[in-house]
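Student: After the C-alpha cells below, expect a handful of questions from me.
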C-alpha cells in the first residue's frame, strides 16, 4: 500500500475547519478559472487566425507566381502561360488548384462619388464555390465582358446596388472610360480586400491591356493545407522557370500577419500571468493545509515516518486540488466554446476585427498540451511549501496549538 497516498486520501475525506475548506475552494477555483481562460484564449486565438487566413487565401490564394520585373506599380506585367508548369501544379498533391488573374488599377465612378480600385481579372479556372461563400447579393458569375462584382464596402461608399451601372476608368487609358454593370456584391470582412478589389472577366481585362489570350499577370496557387505554406513554397519555387518569382501570402500582406504575431505575443504574456497567479494561490493553499496539520506532522514523525513520506502526503493533497481544478476548468471551457461556436453569443465589430462574432477553433492537441503543461508546472511548484516540513520538530509539533 502507498502510505503517503493513503494518508492524503484520509485527510481529504476528514472534516476540515471552515477556514481551510474556504482556502481549498479558493485554490480549486483559481486553477479551474485559470485553465478555463487559457483554453478559451487559445481556442479564440486559433479561431481568429484561421478565420482571417481562410478569408484571405480564399480570395488571393496562398502563393503568387509571376514574372521578375522592375515594375512596382499595382498593374501586372504580362506573363506568358506555361501549360506544362500548370499541368505539373495540378498534379502536385500539395496543391488544391491554380488559377490565373490580372491586376489593373482604375477609378470607379458613380453618381455619389468615385473610388480608386484594383480590377482583378478572373477566368474560368476559378472554382465556382471559391467566392460564393463571400457573396452577399447576386451570383459569382461574369456572363458578359463588362460585368463586375464589387464589395459591399464599395457599394455602400458609391451608394449603388445590384444591376446598377458605373463608369470605370483605367489609369493606363483614362481617356476611354468603360460602362460596367454590377452583377454581384461580395464581402470578405477584410478591409484590405473589400476597399480595393473589384472582380472582372479575365479576357476583358486582357483586351483592355492589349494582351494576347495566353498572357496573364500572375498565377494564384491554392494549397490544400495552409500550415504547409513555406515547405510547399520552396518545392514550387524549385520547379518553376528562373525568370519567375514567387511570393507567399505573408509577403503580400505583411501588416495583417504582423498583427496576428502581436496577438501571439500578447496571449503568451496573459497566460504567463494567469499561471503565476494560479501557482501562488496553490502554494498559499498548501501552506495553510500544512500549518493546520502541524500536530499530525509531529505525530507521524514520532511514529517513524520520514520527511519524504510526509512531504509526499501534502504533495498529494495539492495534486488533488489541481486535479479537481483541471476537471472543472475543462468542463467550463467546453461549455463556453460549444455555446459560442454554435450560437455566436459574443459579437464583434467587423470593421475592427474582420469578423462579426468571436470565432472558436477546437484544437485537441492544444487542449492536451495545456492540461499536461499546467499539471507538470503546478506539480513542481507545489513541492516548495512541503520543504517547510523538514524544519518541524516532532516534540514542538505535538504541543502546537493553532
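Just so it is clear, glycine is given a Cβ too, placed from its N, Cα and C backbone atoms.
Okay, these came from TrEMBL:
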TRANSMEM  25-48  transmembrane segment
DOMAIN    30-228  domain 'MacB-like periplasmic core'
TRANSMEM  267-290  transmembrane segment
DOMAIN    269-392  domain 'ABC3 transporter permease C-terminal'
TRANSMEM  313-339  transmembrane segment
TRANSMEM  360-382  transmembrane segment
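Mind running through what each feature is packed against?
Tutor: Away from its own ends, the transmembrane segment (25-48) comes close to residues 260, 263-264, 267, 270-271, 274-275, 277-278, 281-282, 284-286, 321-322, 324-330, 332-333, 336-337, 353, 355, 358-363, 366-367, 370-371, 374, 378 of its chain (Cβ-Cβ under 8 Å, at least six residues beyond either end).
Summarising model confidence by region, the domain 'MacB-like periplasmic core' (30-228) averages a pLDDT of 90.
Long-range contacts of the transmembrane segment (313-339) within the same chain, counting only residues at least 6 positions beyond its ends with a Cβ under 8 Å from a Cβ of the stretch, are 4-5, 7-9, 11-12, 24, 27-36, 39-40, 43, 282, 285-286, 289-290, 293, 300, 345, 360, 362, 367, 371, 374-375, 378-379, 382-383, 385-386, 389.
Tertiary proximity for the transmembrane segment (360-382) is limited to same-chain residues at least six positions away from its ends with a CB under 8 Å from its CB atoms, namely 31, 34-35, 38-39, 42-44, 46-47, 50, 275, 278-279, 282-283, 286, 315, 318-319, 322, 326, 330, 333, 337, 340-341.
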Student: Residues sitting near the transmembrane segment (267-290): Cβ under 8 Å, six or more positions beyond its termini, same chain?
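Tutor: Here the qualifying positions are 19-20, 23-24, 26-27, 30-31, 34-35, 37-38, 41-42, 45, 297, 314, 317-318, 321-322, 374, 377-378, 381-382, 384-386, 388-389.
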Student: Of the residues in the domain 'ABC3 transporter permease C-terminal' (269-392), how many are helix, strand and coil by DSSP?
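Tutor: Counts, helix then strand then coil: 99 helix, 2 strand, 23 coil.
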